[in-house]
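According to TrEMBL, the protein has these features:
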COMPBIAS  363-373  compositional bias 'Acidic residues'
REGION    318-373  region 'Disordered'
TRANSMEM  21-43  transmembrane segment
TRANSMEM  81-100  transmembrane segment
TRANSMEM  146-167  transmembrane segment
TRANSMEM  179-204  transmembrane segment
TRANSMEM  243-276  transmembrane segment
Amino acid sequence: MWQNKTLKKDAKFHLRGSFSIGLLLLLVVAAVTFLINFLVGILSGFSISDEILQFINEINNYQYLDDEEIIVMGFVFFSKFLRYSIILGVITLILDIFLLQPFDISVKNWFVRNREVANAPGLDMTFKHFGANYKEVFLGNLWKQLWMFIWALPSIVSGIAATLITIDLGNQAINNDVIEITVLHVSVLSVATIVSVINAFFIINRKLAYLMQPYILADNPKFGYRKSLKLSKKMMKNNKWHTIGLGLSFIGWGILAALLARITLGLSVVVLSVYINQTFAELYGAIRYTAVNRGDVALEELGFIKQDADDYKDSYSNYEENKKQSENLNPYDPDWKNPYASSGSERAPQAEPSESDRRQLDNDIDNSNYDEN
């Protein structure tokens with residue numbers, strides 16, 4: 001099984017000479033994301049911070065408030081908050097599917113290619129998936145979001161029930177200046193909370209199961225939206241807990257980046273994001289290496305095509321040895337190239353898999369009890 005320290009070591013190695021480009025890439029995406037969120041705030045016509053300040057000011061304007069009056073004001077504010085949150089959530093989801101996800105796949109494409117080519121990929125990848133491959137990327141993300149919606153239905157239904165109860169209480173507060181909380185109110189809110197908490201574990205499990213789909217589409221956008229999600233579930237089988245551990249291993253760096261965010265104007269967070277993105281690209285490479293050798297997917301399906309020996313003989317001193325390995329399934333062997341790597345000239349791939357690739361293959365290739373969940 002791959003190890004966190006190995007993936008991080010590989011990430012640091014592959015960021016040598018390419019870190020600045022990765023940083024610029026994430027800064028561009030961050031700027032676009034900020035602009036989109038800013039426009040969403042304008043379109044919604046609602047500022048949560050303004051509502052909070054108004055709520056605080058209303059409390060401060062009263063010298064004497066009993067507990068019931070404070071509760072009434074709280075329900076009035078909360079009912080407004082829920083209404084606008086639903087509107088804001090729908091707008092954000094639409095923009096996420098149509099705009100942000102293609103950027104996300106382009107980012108993953110850059111970091112995966114960065115570990116597979118001799119020279120750092122260019123910034124032209126930032127908008128790569130808004131062109132001819134946009135339809136495939138859109139369908140892939142829409143299919144994933146549909147299944148996430150299905151898995152989240154218990155929480156959604158519970159949330160709607162809790163929202164209706166809260167709005168009802170808020171309307172009571174607005175119209176009658178008094179709130180009558182019944183047993184039904186308490187029961188619905190309690191059940192909704194329990195269902196939402198339990199369902200959250202299933203949602204997290206599915207998010208992990210679908211984690212590799214964007215990377216698969218980055219490798220080959222024409223892989224297919226159904227196949228990509230199915231392959232992602234296969235690839236993440238027995239890797240979910242380790243992936244959680246990998247994410248948690250960045251907590252220390254995350255706290256430090258957050259503390260430095262004000263001093264660096266948020267640059268510390270973006271710098272850490274470069275490191276994290278490259279590490280998870282290494283994770284995908286390790287899991288993909290095992291999946292290919294196990295027969296779950298062929299390199300050709302992931303967009304790799306076999307090169308003639310003459311295409312790489314000038315780039316490698318061990319030309320004759322590589323030529324004999326024409327049937328090697330290692331995507332980093334010079335026999336293979338990925339035409340989706342860049343819109344520019346092809347770059348020679350690494351001749352050898354990374355250390356994490358070898359570890360993953362050695363430990364997982366003989367796993368015969370590999371079932372899809």
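Just so it is clear, glycine is given a Cβ too, placed from its N, Cα and C backbone atoms.
Note that this is a predicted model, so its numbers are computed, not measured.
With pairs at least 6 apart in sequence, the transmembrane segment (21-43) and the transmembrane segment (243-276) have 3 or more Cβ pairs within the 8 Å limit; the two touch. Beyond its flanks by at least six residues, the transmembrane segment (21-43) meets 15, 88, 91-92, 95, 99-100, 103, 106-107, 110-111, 114, 120-123, 125-126, 270-271, 273-274, 277-278 of its own chain at Cβ-Cβ distances under 8 Å.
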